[in-house]
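The annotation substrate binding site is assigned in TrEMBL to 5. As annotated by TrEMBL, Mn(2+) binding site applies to 25, 55.
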């Protein structure tokens, strides 16, 4: 098992060298667990609308499932935890406010200005 990044390039190199390998990215699981912590719920109750490829990904929705059904919570997460989330993924807060909130997307950690 190897968690070296960028996982896609490392996996391809291993495959081209004749090794049997599978490349996995754990960004979605990390977001799911972080959002669960912020919301005070078990991570198994959190579902992500995760789109993208490898580390170039976005969260289009975050829903929490409970006895009454599913509730969309991404706008609430951005409203209540904008500063912390922006700091964690190393993006300026301005990229996570309108129109981004209206579009309801949250870029993953490796999509940041250099």
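The backbone N, Cα and C atoms fix where each Cβ goes, glycine too.
Between the alpha carbons (Cα) of residue 5 (substrate binding site) and residue 25 (Mn(2+) binding site) lies a span of roughly 9 Å. The secondary structure of the residue listed as 'substrate binding site', as reduced to three states from DSSP, is coil rather than helix or strand.
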